[in-house]
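Undergrad: Next up is a structure, given as structure tokens.
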Amino acid sequence: MSQSPTRDDFERYMVPNYAPQRTIPVRGEGSRLWDQDGREYIDFAGGIAVNALGHCHPALVSALKGQADKLWHLSNVYTNEPALALAKSLVERTFADKAYFCSSGGEANEAAFKLARRWAHDTHGAHKDKIISFRQSFHGRTLFTVSVGGQPKYSEGFGPIPGRIEHAVYNDLDSVRELIDDATCAVVVEPMQGEGGVVPAEADFLHGLRALCDEHQALLVFDEVQSGVGRSGYLYAYMHYGVTPDILTTAKALGGGFPVGAMLTTDRVAPSLAVGTHGSTYGGNPLACAVALAAVETIDTPEVLSGVMRRHALFKEHLEAINRRHGVFKEVRGLGLLLGAEMAPAYEGRAKEILPLAMEEGLMALVAGPNVLRMAPSLVISDTDVNEGMARLERAIGRFVQGA
Ligand SMILES: *Cc1c(COP(=O)(O)O)cnc(C)c1O
């Protein structure tokens with residue numbers, strides 16, 4: 001019999017682009033996970049805002065198993081029932097008239113940026129190709145999406161990168177006014193920056209972007225890969241702000257852990273992705289779409305969404321109480337169940353040191369950059385798990401402060 005894989009196998013067999021924790025989780029249920037040794041953890045990381053219904057939610061397991069016995073894959077030569085049902089559901093629940101499916105957030109953004117360029121090319125001419133995005137933004141790891149993203153470390157050394165992309169300052173409308181012109185085809189923005197440090201947009205900023213895009217016939221693209229599917233307490237964060245984009249990308253929580261992404265857009269823009277212009281082998285995969293439909297239907301209910309708001313208050317209360325006792329944070333921020341605690345000046349740049357200590361106490365958390373401790377738990381995490389998880393986090397933070 002072959003032995004179980006070990007963490008050493010990571011260095012032995014895998015490309016070194018990640019540095020995972022030592023622990024290997026093997027099973028999950030709700031907001032609890034167990035590792036190879038049977039140790040139990042509470043999950044405040046949520047697979048980086050993916051496991052929006054926790055682990056092995058019955059509605060998702062049942063959708064996956066039901067579809068597994070029917071049909072797995074067809075290709076784009078045929079359409080399929082789960083893809084059509086998911087497209088209809090997303091269109092009925094949002095501003096969008098049309099959906100395009102793929103398998104990840106990066107791919108959804110790749111489609112969005114290509115569509116923006118192609119639409120501008122078709123309707124205005126080849127000169128209208130400039131994309132404006134924001135410093136610190138994150139849009140994925142393909143060459144186009146790291147180029148639009150505002151973190152140069154992700155595109156360094158991979159050049160030449162796609163051109164005609166400029167970066168403004170997040171939440172600073174004047175910095176956009178300086179860059180935008182009639183050759184701009186799109187402004188791309190996360191309504192809440194996730195990887196960039198859990199920074200929600202100001203409402204005036206998003207309303208201002210909408211007006212600037214209209215003035216210059218540019219498309220407004222919202223990357224809701226991290227903020228979408230209930231995370232903000234609304235199905236999509238644009239609903240919280242009351243600002244409607246022309247294109248919206250969604251992934252992460254959309255499949256609740258099954259890989260799926262989507263780009264949503266309007267009837268005005270969609271025709272530029274005419275037959276043959278774009279595609280993806282797995283886009284609209286029946287397994288992925290069946291699970292995503294179950295996730296969207298389960299999450300987009302008044303009970304789950306109002307539950308997100310209630311849990312937001314509970315998380316904030318706990319984090320602020322921990323901070324009163326240990327003074328580690330400068331600020332606790334975020335919308336719904338995407339929360340960021342920025343480190344106090346005395347602990348500048350050291351958020352990451354808390355993660356292994358938290359693991360030792362039985363808690364999984366995240367960082368967003370060097371200075372922000374991030375949490376993206378299940379939208380339906382129980383109060384018991386929140387309270388116990390916070391007790392574990394406080395023990396880890398107590399040790400962090402003592403060792404400091
Ligand atoms: C995670 C993320 C992406 C990339 O999604 P992948 O599925 O990793 O390709 C894009 N945009 C935002 C805002 C994200 O948080």
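Backbone N, Cα and C define each Cβ position, glycine as well.
Note that this is a predicted model, so its numbers are computed, not measured.
Summarising the annotation, TrEMBL assigns pyridoxal 5'-phosphate binding site to Phe138, Asp223, Glu224, Val225, Gln226, Thr281. Here TrEMBL flags Arg141, Ser280 as N(2)-acetyl-L-ornithine binding site. Annotation comment: TrEMBL describes Lys252 as N6-(pyridoxal phosphate)lysine.
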Undergrad: Return the residue, from the listed binding-site residues Gln226, Ser280, Thr281, with the maximum count of other C-beta atoms within 10 angstroms of its C-beta.
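TA: Output for this query is Gln226.
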Undergrad: So, in DSSP terms, is Asp223 (pyridoxal 5'-phosphate binding site) helix, strand, or coil?
TA: strand
Undergrad: What binding-site residues among Glu224, Ser280, Thr281 have a C-beta sitting less than 6 Å from any atom of ligand 1?
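TA: Near ligand 1: none of them.
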Undergrad: Near Val225 (pyridoxal 5'-phosphate binding site), which of the recorded positions Arg141, Lys252, Ser280 can be found within 10 Å, Cα to Cα?
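TA: Cα within 10 Å of Val225 (pyridoxal 5'-phosphate binding site): Lys252.
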Undergrad: Identify, among the recorded positions Arg141, Lys252, the residue whose Cβ has the fewest other Cβ atoms within 10 Å in this structure.
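TA: Minimum Cβ neighbour count within 10 Å, taken over the recorded positions Arg141, Lys252, occurs at Arg141.
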Undergrad: Sequence gap of 6 or more, Cβ distance under 8 Å: name the residues on the same chain that satisfy this around Asp223 (pyridoxal 5'-phosphate binding site), in order along the sequence.
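TA: Gly105, Asn109, Ala112, Ser137, His139, Val188, Val189, Glu190, Thr249 - these are the non-local Cβ neighbours of Asp223 (pyridoxal 5'-phosphate binding site), listed in sequence order.
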Undergrad: If you measure Phe138 (pyridoxal 5'-phosphate binding site) to the residue listed as 'N6-(pyridoxal phosphate)lysine' at Cα, how many Å is it?
TA: 13
Undergrad: Of the recorded positions listed here (Arg141, Lys252, Ser280), which is spatially closest to Glu224 (pyridoxal 5'-phosphate binding site) when Cα positions are compared?
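TA: Result for Glu224 (pyridoxal 5'-phosphate binding site): the nearest of the recorded positions is Lys252.
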Undergrad: Taking the Cβ of Val225 (pyridoxal 5'-phosphate binding site) as the centre, count every other Cβ atom within 10 Å, in any protein chain shown.
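TA: Around Val225 (pyridoxal 5'-phosphate binding site), other Cβ atoms within 10 Å: 28.
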Undergrad: Do you see any of the binding-site residues Arg141, Ser280, Thr281 whose C-alpha is within 10 Å of Lys252 (N6-(pyridoxal phosphate)lysine), and which ones?
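TA: Qualifying among Arg141, Ser280, Thr281: none.
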Undergrad: Using Cα coordinates, what distance in whole Å links Arg141 (N(2)-acetyl-L-ornithine binding site) and Thr281 (pyridoxal 5'-phosphate binding site)?
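TA: Roughly 19 Å, rounded to the nearest whole number.
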